[in-house]
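What Swiss-Prot says about this protein:
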type     : residues                                                       : note
DOMAIN   : 3-125                                                          : domain 'Peptidase C39'
ACT_SITE : HIS83                                                          : active site
DOMAIN   : 468-703                                                        : domain 'ABC transporter'
BINDING  : GLY502, ARG503, SER504, GLY505, SER506, GLY507, LYS508, SER509 : ATP binding site
Amino acid sequence: MDSCHKIDYGLYALEILAQYHNVSVNPEEIKHRFDTDGTGLGLTSWLLAAKSLELKVKQVKKTIDRLNFIFLPALVWREDGRHFILTKISKEVNRYLIFDLEQRNPRVLEQSEFEALYQGHIILITSRSSVTGKLAKFDFTWFIPAIIKYRRIFIETLVVSVFLQLFALITPLFFQVVMDKVLVHRGFSTLNVITVALSVVVVFEIILSGLRTYIFAHSTSRIDVELGAKLFRHLLALPISYFESRRVGDTVARVRELDQIRNFLTGQALTSVLDLLFSLIFFAVMWYYSPKLTLVILFSLPCYAAWSVFISPILRRRLDDKFSRNADNQSFLVESVTAINTIKAMAVSPQMTNIWDKQLAGYVAAGFKVTVLATIGQQGIQLIQKTVMIINLWLGAHLVISGDLSIGQLIAFNMLAGQIVAPVIRLAQIWQDFQQVGISVTRLGDVLNSPTESYHGKLTLPEINGDITFRNIRFRYKPDSPVILDNINLSIKQGEVIGIVGRSGSGKSTLTKLIQRFYIPENGQVLIDGHDLALADPNWLRRQVGVVLQDNVLLNRSIIDNISLANPGMSVEKVIYAAKLAGAHDFISELREGYNTIVGEQGAGLSGGQRQRIAIARALVNNPKILIFDEATSALDYESEHVIMRNMHKICKGRTVIIIAHRLSTVKNADRIIVMEKGKIVEQGKHKELLSEPESLYSYLYQLQSD
């Protein structure tokens, strides 16, 4: 209990949960306002503190089996003060992912372990933005607001559908009159009138049908544009962790599922639903003709539905398998094209071809199974339709022979029945497409339902100066992955040039990713000018941080467009100045098109060293206050590197510079050198100071390179 008084886990939990909901919180202010006796936040004071941050909170009692239905993360409250945050429940394996506030680590608990800790009290917490985001979850309900938005167009479609159904109702009556009246009484004048009337009906029916298709296609195209635009914006707003945890081909395959949704929206599915809505009117008229024949049609409808319901789960599983195999093919194809130089150099084309053939065969086999099952489904529908037709023919003929029904009425009845059965059959067949679209929506939902980097509610501060502080940083990429950074404490002053060295995997690059706010540490704070980056607007930060990586990607544009990428309206003079600092101006001037030269896809038209120098110019052109070189000169030839190092004084002037390098000669002139090993800072100092310690890791690495 003493430890609980020393550390207020309730306050720590509130800080974490508020941060999750993009709400800024000052722990000291909360403690001052609500922890009046200094013993920590009790349940009542915790709820009041959360509400003061405009969070929606509710304390409830829930049994463990009811926790599957709550909105996570939530705070599990314990009487002894050792609260913890419940973040995820895996129903399939009965495991619980929690954040242990005492250990400051995520933990995976088995059912028995969780039962031992859980006391039945849990606090649900949301914010207005969280609730809105939840309601905006992408699934089939996403289209409801879109339909409401374009309700006028859909109402027009509905009105046109009403007239089309009225025409469909009138046409059989004309045929009945011709069969029962005109042919029997030889009424040529009546025949002429009916022919003219029927011709008018047909013309209007064709016009209205085309108009309905046009209106509907126009509205669905708008929805398609909105969805496509939303998808791309959302994709670019996703955090870097989303892309690092998924294969490129898998993401591309999910985005391409938009085509399936587009085809479904612009098809006949929804118009068939509208046609089916008018079935009650047709049933009333058909009942007037013959209750017996109507009952046959009526009883056939559940048969169509039952057959579709029977086929659907099997079809969905096979469609899911087909998608997974297609995603594997996409990933392998992207990987092969990207690594084509390696494949050619290693002469492994036959092996890659064999792998592709096997994967392609699996995909084709999965597609064939889908086709076979879809064919069985369609033929089952046809069987029901033909059976109903035979029964109606037999029963209708009996009714005509017995005098209960005229020939004209039988023909009219069959035409009306066709108006009911046709949309049912179309829907039964479209149901298979609906299964495909259901999977497409689910797959696309993986993209659209993934949380983006938060920009709203974040601090947008003035121009940064360049002071950087790492305070008690502990970080890992996944809850179950090894710790990458452990208890990092480091202060970097404005204008200081820092070199970071160490073995591969020691956490050097991860440190710079935290500066760019690609990730939030699981413990501790990254501060710039005293401002916590967890509460800062990522765009505000990244616009003022220049980064050069070992492998930089150039876009398929001109050189000037690549350098001025973040500010297309930048003057040519600034672009040229940055290029000169980066040692790129001379080779650019020698190109036929100069700065207007198109670099090709990913800069394929340039050498590795040329691409790197353009990337350095791109990082410098916005005059960032913080500059990060992550193995930036390792791909340069010695002449290019000499130009960069010669200009390093100008490059570093007025900036905080962090240089990550394996080649220690690159950092020997740095103001301070940080040596990292297994996620920890083990040494720091100037070049000569570190070499003066013969047993130091830096001396060992330097000796290896000297040899």
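Just so it is clear, glycine is given a Cβ too, placed from its N, Cα and C backbone atoms.
Between the alpha carbons (Cα) of SER504 (ATP binding site) and the residue listed as 'active site' lies a span of roughly 38 Å. In the three-state DSSP scheme, GLY507 (ATP binding site) is classed as coil. Cα of ARG503 (ATP binding site) to Cα of HIS83 (active site): a span of 39 Å.
The ATP site is defined by GLY502, ARG503, SER504, GLY505, SER506, GLY507, LYS508, SER509, and by the 8 Å test on Cβ atoms against their centroid, the other residues of the chain that qualify are MET676.
When other Cβ atoms within 10 Å of the Cβ of GLY502 (ATP binding site) are tallied across all protein chains shown, the result is 23. In terms of local Cβ density within 10 Å, SER506 ranks first among the binding-site residues SER504, SER506, SER509. Note on the domain 'ABC transporter' (468-703): its mean pLDDT in the predicted model is 86.
A simple way to gauge crowding: the CB of GLY507 (ATP binding site) has 23 other CB atoms within 10 angstroms, across all the protein chains here. Taking each of the recorded positions HIS83, ARG503 in turn and counting other Cβ atoms within 10 Å of its Cβ gives the largest count for HIS83. Shown for the domain 'Peptidase C39' (3-125): DSSP residue counts in helix, strand and coil, namely 47 helix, 33 strand, 43 coil. The DSSP secondary structure for GLY502 (ATP binding site) is strand.
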